[in-house]
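Novice: Below are the features I grabbed from Swiss-Prot:
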| type | residues | note |
| --- | --- | --- |
| BINDING | C116, C137, C371 | [4Fe-4S] cluster binding site |
Amino acid sequence: MSNEDILVPAALSTHQDESDFTFQKFDSDSMERSFYLGPLSSQDELWDKLMQYYSIDKLIAYLQRNPEYVQITLQFPDTLVKDSSFIIRALQDKLDGDGAGRKFWALADTAYSACCVDEVAAEHVKGDLVIHFGDACLNAIQKLPVVYDFGKPFLDTDVLLACFTEEFKDKDQKICLMSNASYTHHIPDLYSRLKSNGYTNVVYSVVNTGLLTETAEIIDNTTPLSDTDELFTLGNRVLMGARQEEDIDEETLRNEYALFHITMPHDPHLLYLTTVFESIHTYDVADQVISNGPYPSLTRRYKNMHKARTAGCIGILVNTLSIRGTRETVNKLIKLIRENGKKHYLFVVGKPNVPKLANFEPVDIWCILGCGQSGIIVDEFGEFYKPIITPYELTLALNFEVTWTGKWIIDFQKAITEIDNSLAELGIDDSKHGNDSDHDLDAPEFDAVTGKYVSSSRPLRALNHLQLDAPSNEDKQVMARVNGGTVIKGTVSTAVEHLANRAWTGLGSDYKDDEGYEEDGATVEEGISGIARGYEFDQEDAARKSQNQSQ
C-alpha cells in the first residue's frame, strides 16, 4: 500500500496530545485477584484457586442433579465479572458431555443492586435458573429458582487477630463477629481462636438459611460449630454462641454489644447496623486496618422525615423489580399518600444517580424502594437536590402524631405492617374508600425545619371543595387558574401549577412576545423529504459548486 492510500483521520478543532489519553492506559494487563484469592505464583495455581474459591465441583454436582435447568444465567458483581469466562469454561468442560444441551449466559451488568438476584435480566434470555456469585442479601424473588455461590475468599487471620487484640484489649467485652456472605466462611474459625485466646463474651453470625425459599439453595455453605447454639436472628444473619444465662435481644445488642465486621458494609446496611449495636468496628481486608467511623447517622434521616410531612409531591422511586413484596408496598404507599392529600409520581429507575433524579424538579421528596443491604440511597453528603427517604420513614412522616423510635426499618414486610397501621389510624382499610377519620386535613401546616407556613403540603385536599365551570366551545385556553389549584380541562394539576410559577417554562415559551405569534398554533407546512445526504437543496448546492469550479 502506498503512502497516498493511507487514510488519515480529520484533524480535530482542539489540540490533543498524549496526556489526554493516559486515562485509557493500564500499567499491566494482569487482573488484580490477590485480595480475594491470596498470593499467586503461576497460572496453574490461579486455576486451582479459582476452582476452590467458587466450589466448582459442588456447583457441577448440583447441575448434574438438576438436568431440567438448561438456560442458566450467571450473575456477577463488578469485582468478580473478570472470572466469568473461567467459570463458564469450567462448567462447559464438565457438563457438555451429558447431553442436556445447557447454555450459559453471563450477566455482567445488573440493573439494580449487585447483592440482589437480577430476575429481569435473566428473563431477557428466558433463563430458568440464576446462579448468583458473591455477596448476597437473600431477599426472596418473584419466580426464578436461584443458586447462591458466595465464594471462599482468602483472609490472613493472623494479621486480623493481631488487629483485633489491639482494638479490643478488654477480653470480657461483649463482641459480635460478622461479615458479608463471602467472608462468613472464616467466622467460625475466628470465633474458636478468640475463645481459646480468652475472649469469653464473643458471639458470631452465620447466614440465615431460614430466608431461603424452596427454590433457592446455597452452594458449600458454612455450617455453625457443633458446640454453639442459636441466640438471636438479625435479618439475614443468625447470631451463634455458647448458651448464656440471659437471652440476647435487640435492647441487649444496642446497649452492650460491639460489632466487629469483616469488610465495609454498604451504606444502607451500615446505617442499619449502627441502630442495632452499641458501636461498630469494620475491618478492611485489603488494607488490613480497623476503622471506627465516621458512619452514616440517623440525624439527617430525622430531618428528611420532617420535610416529608410538608412535601406536596412525592416521587416513589422503585429501585428493584425482583424482590417479593415490591408491588404490594407500592400500592399501599400510593393509597397512604392519596389519603393524606398529596400528589405522587411513580418512577422505575435502575441505579439512580444525581443527574437522573434532577430531571424531575416538581418532586419535593423521594421515597425509594430497594434492597435494604445496598439498594437504598443514603445521601450522607447532600449530593442529591431533593431528600430521599424510605417507606418506613414516609409512614412516620404521614402519621398525625410523629413518634421517632430511633429504629431504621428497611424490610418490606415490616414496612407494609407500618403502612397498614397508618391507614388504620386514618380510618381506612382495604374494604373502605375515602377518609373516615376525624383529623382536619384543612388545618394549617408549618415546616418543622424552617418554621414557615406551608400552603402546598396537601395539594389534592381541595378536590372535594373545588367548583369548576364547564368550558365553552369558544374557550381556547388550555389552563385555568382557580382558587385551590390550576386546572387543565377540568382536572387539577399540581405539575402545571409548578410550571406556571417558574420564570422560564421551556423552549418556545416566549414566542407569544414575537411578531406574527399565532394563538391557535403554528401553521402546518410541508417539510423536507428524502435522506440526509440527498436533500433537494443539497443537490442544488452541489450542482452550483460544480458549475462554478468548471468555469
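If you go along the chain as it appears here, the first residue is 1 and each next one adds 1.
Each residue, glycine too, has its Cβ placed from N, Cα and C.
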Novice: Going along the chain, which residues six or more apart from C137 ([4Fe-4S] cluster binding site) have their CB under 8 A from its CB?
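Specialist: Once residues fewer than 6 apart are set aside, C137 ([4Fe-4S] cluster binding site) is near S113, C115, C116, N236, C371, G372, Q373, S374.
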Novice: Among the binding-site residues listed here, C116, C371, which has the most company in the form of other Cβ atoms within 10 Å of its Cβ?
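Specialist: Highest number of other Cβ atoms within 10 Å: C116.
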Novice: Compute the mean position of the Cβ atoms of C116, C137, C371, which form the recorded [4Fe-4S] cluster site, and then list in sequence order the other residues of that chain whose Cβ is within 8 Å of it.
Specialist: Y112, S113, C115, V117, A136, N139, T320, I323, G370, G372, Q373, S374, G375
